[in-house]
Amino acid sequence: MSQRSTKMGDTIAAIATASGAAGIGIIRISGSQIKTIATGLGMTTLRPRYAHYTRFLDVDDQVIDDGLAIWFPAPHSFTGEDVLELQGHGSPLLLRQLLTRCLDLGARQARPGEFSERAFLNGKLDLIQAEAIADMIGAADLRAARAARRSLDGVFSRRCEALAQQLVRLRIHVEATIDFADESLDTLDRAQIRTSLQTLNVELTQLLRDAEHGKRLCDGLYTVLVGPPNVGKSSLLNALIGSDRAIVTDVPGTTRDTLRESVHFHGLEFVLVDTAGLRGEGDAIEREGMRRTLNELQRADLALVVLDACDPQIGSLALADALTSVPRVLWIHNKLDLLTEPPSVLDTDVIPVSAMTGAGLDTLKTRLRTLLLGETVETIEGEFSARLRHVQALQRTAAHVTDANAQFSYEHLELTAEELRLAYKALGEINGSMSPDELLGRIFSNFCIGK
């Protein structure tokens with residue numbers, strides 16, 4: 001039995017609303033001691049899913065607060081256990097006093113994310129849906145919130161489950177032929193397995209692409225500004241975010257550390273990272289800044305290579321090498337206002353701008369939006385939220401399917417079946433069916449207390 005099983009009989013409680021004073025505050029309780037706690041608070045009768053107005057009493061029958069109590073009996077509750085929600089005034093002092101009373105009556109303080117964890121362990125949610133709750137709460141824009149809503153509704157889960165069933169059927173088919181190893185694989189069986197492998201690969205590739213898109217929607221496009229010193233990277237960052245966040249001087253090498261700012265263009269989130277200019281000289285601190293610049297490029301979704309429009313030279317072999325591993329690169333010719341003649345730019349990946357006057361910034365923002373969403377936005381209704389671990393698990397799944405295809409080409413049926421088993425295992429990590437306890441602990445520990 002899993003160490004994280006909820007079959008331990010304990011009852012958990014936590015404040016479920018945000019910290020600070022508010023009109024309403026909620027305490028959520030889940031577990032087998034609900035009726036004992038309700039009685040201790042002064043409630044004698046509770047009807048399922050009915051809002052009871054009541055007074056919440058302390059050990060001396062003094063009123064802590066008054067409000068509504070709602071009982072959700074198991075298994076028809078969020079966690080799958082008996083759940084009691086207490087809705088009172090949003091005073092932090094009163095909420096803490098009421099929570100303490102619940103703990104005195106037999107509950108314990110819930111861990112971060114423990115309510116969602118219990119919902120997962122009791123089969124009320126899969127892991128994708130549990131994570132979608134946190135993604136919806138933390139969404140920085142409406143589109144990301146709607147994508148998280150679709151994951152909570154099961155859009156991502158159903159696609160993963162469909163692929164898992166295909167993997168199972170295909171593995172059964174392959175293993176059935178192993179019993180006849182002394183016979184050559186007939187043409188019909190060979191064609192069916194080959195077609196199934198190809199179909200699986202196509203659908204996995206599409207799901208991986210959609211998951212990468214979902215991750216960008218939730219996390220924002222991680223966009224790193226790089227280039228030689230004194231080309232206006234910090235000025236461009238300030239212009240894009242609309243404030244003087246980065247220090248700007250005429251002295252090359254002013255920026256020596258990375259600076260991150262989240263910004264929204266067209267309702268979409270971007271994480272902009274200003275970095276130290278790359279050149280072959282500088283003191284120890286500046287060299288450390290350049291090292292950090294190269295490290296940032298390793299995690300970048302997009303690199304904005306900022307060059308001086310008057311002399312657009314990259315000037316760094318290290319930067320040129322690092323850019324080869326970045327998924328998307330956009331070239332920015334800054335200081336457009338200093339040109340005596342209009343720029344003759346033919347490359348669509350080059351955008352002339354002026355951080356000083358704002359010329360070209362709207363074009364840049366529109367291009368950034370296109371890079372995040374793709375060339376079309378016709379897939380809005382199918383969008384779902386995703387995380388880095390989902391993308392990585394799909395990548396491992398796809399790699400095993402590719403290896404299965406290769407092994408099948410050599411009629412290595414045992415190895416083909418094994419690769420399909422490993423693909424199924426990797427895919428199962430996404431919805432939690434194959435996730436170890438340690439991974440579950442890390443995931444739920446990042447949730448809010450009370451969720």
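Even glycines carry a Cβ here, placed using N, Cα and C.
Per Swiss-Prot, (6S)-5-formyl-5,6,7,8-tetrahydrofolate binding site is recorded for Arg28, Glu85, Lys124, Lys451, and the stated evidence type is sequence analysis. Positions annotated as domain 'TrmE-type G' by Swiss-Prot: 220-373. Per Swiss-Prot, the feature K(+) binding site maps to Asn230, Thr249, Val251, Thr254. Annotation source Swiss-Prot lists GTP binding site at 230-235, 249-255, 274-277. Residues or ranges marked as Mg(2+) binding site in Swiss-Prot: Ser234, Thr255.
Features as recorded by Swiss-Prot, highlighted on the structure.
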{"residue": "Arg28", "record": "(6S)-5-formyl-5,6,7,8-tetrahydrofolate binding site", "Cβ within 10 Å": "22"}
{"residue": "Glu85", "record": "(6S)-5-formyl-5,6,7,8-tetrahydrofolate binding site", "Cβ within 10 Å": "19"}
{"residue": "Lys124", "record": "(6S)-5-formyl-5,6,7,8-tetrahydrofolate binding site", "Cβ within 10 Å": "18"}
{"residue": "Asn230", "record": "K(+) binding site", "Cβ within 10 Å": "17"}
{"residue": "Lys233", "record": "GTP binding site", "Cβ within 10 Å": "32"}
{"residue": "Ser234", "record": "Mg(2+) binding site", "Cβ within 10 Å": "24"}
{"residue": "Ala276", "record": "GTP binding site", "Cβ within 10 Å": "27"}
For this session: Going by DSSP, give the three-state secondary structure for Ser234 (Mg(2+) binding site).
Result: helix
Problem set entry | DSSP-derived structure type at Ala276 (GTP binding site), helix or strand or else coil | coil
Exercise. Between Ser234 (Mg(2+) binding site) and Ala276 (GTP binding site), what is the CA-CA distance rounded to a whole number of Å?
Worked result: 9
For this session: Work out how many Å separate Asn230 (K(+) binding site) and Arg28 ((6S)-5-formyl-5,6,7,8-tetrahydrofolate binding site) at their Cα atoms, rounded off.
Result: 55
Exercise. Is Lys124 ((6S)-5-formyl-5,6,7,8-tetrahydrofolate binding site) helix, strand or coil when read with DSSP?
Worked result: coil
Exercise. Cα distance, Arg28 ((6S)-5-formyl-5,6,7,8-tetrahydrofolate binding site) to Lys233 (GTP binding site), nearest Å?
Worked result: 48
Exercise. To what whole number does the mean pLDDT across the domain 'TrmE-type G' (220-373) round?
Worked result: 82
